[in-house]
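**Q** Quick one: the structure is below, and I'll ask about it shortly.
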Amino acid sequence: MGTGTPPSPSGTAFEETRLHVFTLDYPHVQIPFEITLWILLASLAKIGFHLYHKLPSIVPESCLLILVGLLLGGIIFGAEEKSPPVMNSDVFFLYLLPPIVLDAGYFMPTRLFFENFGTIFWYAVVGTLWNAIGIGISLFGICQISAFGLTDITLLQNLLFGSLISAVDPVAVLAVFENIHVNEQLYILVFGESLLNDAITVVLYNLFKSFCQMRTIQVIDIFAGIANFFIVGIGGVLIGILLGFVAAFTTRFTHKIRVIEPLFVFLYSYLSYITAEMFHLSGIMAPNSRNALDSELQF
């Protein structure tokens, strides 16, 4: 008689396993490993850019970081048998965007920002509206030319596209400004406009997106959209100010445990962002106003 697989204590057959001295289980740690490697490589690249001063003067630092990201993404894409997961909007808006907004708002020169707020507001709000609407109407006019075969694209769809591409993010320009040490007023005008126009374009995009999903648009919908435009921005600012006062009150009791204060800086900023997003308010304005209040209160 042959010998079969010995039964387990429960009476069912089990598969015999062996103890391995060395095991490679990359899928088990794939996601945290790739995220850690991505952050580490970007940090090392940034250090290298500052050590080698000639390279950033030829190619902007932001472009170099994009190239590093493309290189790492290409390696991951080539090493995997299946396509890597595609980033969705929730991952970007809830996890990747908040640290960027926090960094921009926390290191913003508050005094210069408020001294030039009128000009910044004019550029960010009126300029962005003019840009988005102008692009949308111009594209709609082009779509009316039958030779292009785009006559089925509506005005609202063109305005939606105009609001999508009207957000100007002058990262490379600001990097050049820092290298050549331009005057502070010019820097804060470009920096402040880039900070606020993101919030304006997000509101515009959501507004036109809602209009595109409506079968019929009434006059009350237009007035509601205009009111929503102001409520979203002002509501985000109020949430940021409220949590700024809460943060200032909390830190009154941390003079003997300073180690948790940096954690409060991040947590209250992120809390203001996700709270504003929860009420569909401006998640960009909330942490910026909170950080500006912290600077005034010397947090």
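Note: Cβ is positioned from N, Cα and C throughout, glycine not excepted.
This is the feature table in TrEMBL:
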- 39-286: domain 'Cation/H+ exchanger transmembrane' (DOMAIN)
- 58-79: transmembrane segment (TRANSMEM)
- 91-108: transmembrane segment (TRANSMEM)
- 120-143: transmembrane segment (TRANSMEM)
- 155-180: transmembrane segment (TRANSMEM)
- 186-208: transmembrane segment (TRANSMEM)
- 220-250: transmembrane segment (TRANSMEM)
- 262-281: transmembrane segment (TRANSMEM)
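On this model, are these features tucked inside or out on the surface, and what's nearby?
**A** Here the transmembrane segment (91-108) has long-range neighbours at 191-192, 195, 265-266, 269-270, 273-274, 277, 283-284, 287-288, 290-292, 294-295, meaning same-chain residues at least 6 beyond its ends whose C-beta is under 8 angstroms from one of its own.
Sequence-distant contacts of the transmembrane segment (220-250) (same chain, at least 6 residues past either end, Cβ-Cβ under 8 Å): 199-200, 203-204, 207, 210-211, 214, 264-265, 268, 271-272, 275-276, 279-294, 297, 299.
Below 8 angstroms of C-beta separation, residues 93-94, 98, 101-102, 105-106, 206, 231-232, 235-236, 239-240, 243-244, 246-247, 250-251, 254, 287, 290-291, 294, 299 of the same chain, each at least six residues beyond the ends of the transmembrane segment (262-281), sit close to that stretch.
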